[in-house]
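Undergrad: Have a look at this one before I ask anything.
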């Protein structure tokens, strides 16, 4: 084991966390400014519709069929072994595959969108069918294009430069706030204009980040001549498992809003979204610490440095105890924060706050073990538990709401329960892979 390499990895991990913290704080501030501005701009019901539109189109990430995550791990592996030519092949092949997928998605989306009654989908008559079609169309176009451009994030993760991904989030939020501030004061308010500005800000930030990255890492610039069928096989074999996991994540994190819209109405999505955004601060803080761990663990695993992974795991578990305390404190003061943030007239149910607290605790615990096994490419148990979670999430939520008269909190409890299988099995798997293996 190369001690200098291990020390360099640890130093880079700390550096990425520090940089990410700065960019994330700025991104959070802007994000929290965006929510009340959007609610004031659109109104409660239209904001609920907008939030649901964004959730629906977040499903587009599934169509990379695991290419992004497969690229991330293979890029880390190639660079750990000093194979820059292989790294370029993986990047080139991934961009070509994603480009084909984006083109197909755009064609299919515009054909299907024309025949869908979006008023039924969003359970609203507030916005005309034609206006909703235009909003969905422009949102879909920008978000699908952004999906293709977002491959740059996986490259940066593979390079162990996760702070640049957080910088990208800050940049897109900054552009969105700037443009929204302009249209808020100078242009007649409309959901269509908001969708256009939001989509444009996402694409602009990704284009800038892509330019910066390839200017620095010229050896990774994708070229048609570096397309490789062998790379497709390597990416796909690992990517398919990531694809299944991605489906589960999307189902659990986005169907909640769709179910709330259908069962309670779009105005209830706003309450859910505000509480989720508040508690997502915890997830965001934890992501600053956990995100660099994936590629760092991949690098350590391929270099045989299991001891580094074990030490990182123990540090994450210590941090987890502090996070639980932070969530409990946040739950007690959540209503006061929301009242100051959104306004005194905005009422949130205590049950929604308690349910979200438990959900976030389970998510943080799961992420610790998921990111370690992701880096080690030991995805079997996570894949199986993800399938189980995906299958049980919606039925459990519906049972709690329909049979036991739960409110919106029942949908959150359904999602939480579906995640518990990996909470148990994932921690056992990491114990045997990392701790017991060292004994």
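Note that Cβ sites are derived from N, Cα and C of the backbone, with glycine treated the same way.
Those TrEMBL annotations? Automatic predictions, nothing curated.
Per TrEMBL, the features are:
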type	residues	note
TRANSMEM	21-43	transmembrane segment
TRANSMEM	49-71	transmembrane segment
TRANSMEM	92-112	transmembrane segment
TRANSMEM	132-152	transmembrane segment
TRANSMEM	164-187	transmembrane segment
TRANSMEM	193-214	transmembrane segment
TRANSMEM	235-254	transmembrane segment
TRANSMEM	274-296	transmembrane segment
TRANSMEM	317-341	transmembrane segment
TRANSMEM	353-372	transmembrane segment
TRANSMEM	379-399	transmembrane segment
TRANSMEM	411-434	transmembrane segment
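Can you walk me through where each of these features ends up in the structure?
TA: Residues 60, 63-65, 67-68, 70-71, 137, 140-141, 144-145, 147-148, 151, 154, 222-228, 231-232, 235 of the same chain lie 6+ residues outside the transmembrane segment (92-112) yet bring a C-beta within less than 8 angstroms of a C-beta in it.
Residues 49, 53-54, 57-58, 60-61, 63-64, 67-68, 71, 94-95, 98-99, 101-102, 105-106, 109-110, 113-114, 118-119, 122, 124, 168, 191-192, 195-196, 198-200, 202-203, 206-207, 209-210, 213 of the same chain sit 6 or more residues outside the transmembrane segment (132-152) yet have a Cβ under 8 Å from a Cβ within it.
For the transmembrane segment (193-214), the list of distant contacts is 38, 41-42, 50, 53-54, 135, 138-139, 141-143, 145-146, 149-150, 152-153, 155-156, 164, 167-168, 171-173, 175-176, 179-180, 183, 187, 220-221: same-chain residues at least six beyond its ends, Cβ to Cβ under 8 Å.
Sequence-distant contacts of the transmembrane segment (235-254) (same chain, at least 6 residues past either end, Cβ-Cβ under 8 Å): 55-56, 58-59, 61-62, 64-71, 73-74, 90, 93-94, 374, 377, 379-380, 382-383, 386-387, 389-390, 393-394, 415, 418-419.
Counting residues 6+ beyond its ends, the transmembrane segment (274-296) has Cβ neighbours under 8 Å at 9, 12-13, 16-17, 20-21, 24, 28, 31-32, 35, 72, 76, 157-160, 162-163, 165-166, 308, 312, 316, 319, 323, 326-327, 330, 334, 337-338, 341-342, 346, 348, 352-353, 356-357, 359-360, 363-364, 367-368, 371-372, 374-375 in the same chain.
Non-local neighbours of the transmembrane segment (317-341) in the same chain are 32, 35-36, 274-275, 278-279, 281-282, 285-286, 289, 348, 350, 353-354, 357, 360-361, 364-365, 368; each lies 6+ residues outside the stretch with a CB under 8 Å from one of its CB atoms.
Distant neighbours of the transmembrane segment (411-434): 252-253, 256, 259-260, 263, 272, 306, 309-310, 313, 352, 355-356, 358-359, 362-363, 365-366, 369-370, 372-373, 376, 378, 381-382, 385-386, 388-390, 392-401; these residues of the same chain sit at least 6 beyond its ends, with a Cβ under 8 Å from one of its Cβ atoms.
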Undergrad: In terms of Cβ proximity under 8 Å, which residues at least six beyond the ends of the transmembrane segment (379-399) contact it?
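TA: Distant Cβ neighbours of the transmembrane segment (379-399) are 238, 241-242, 244-245, 247-249, 251-252, 255-256, 259, 370, 373, 410-411, 413-415, 417-419, 421-422, 425-426, 429.
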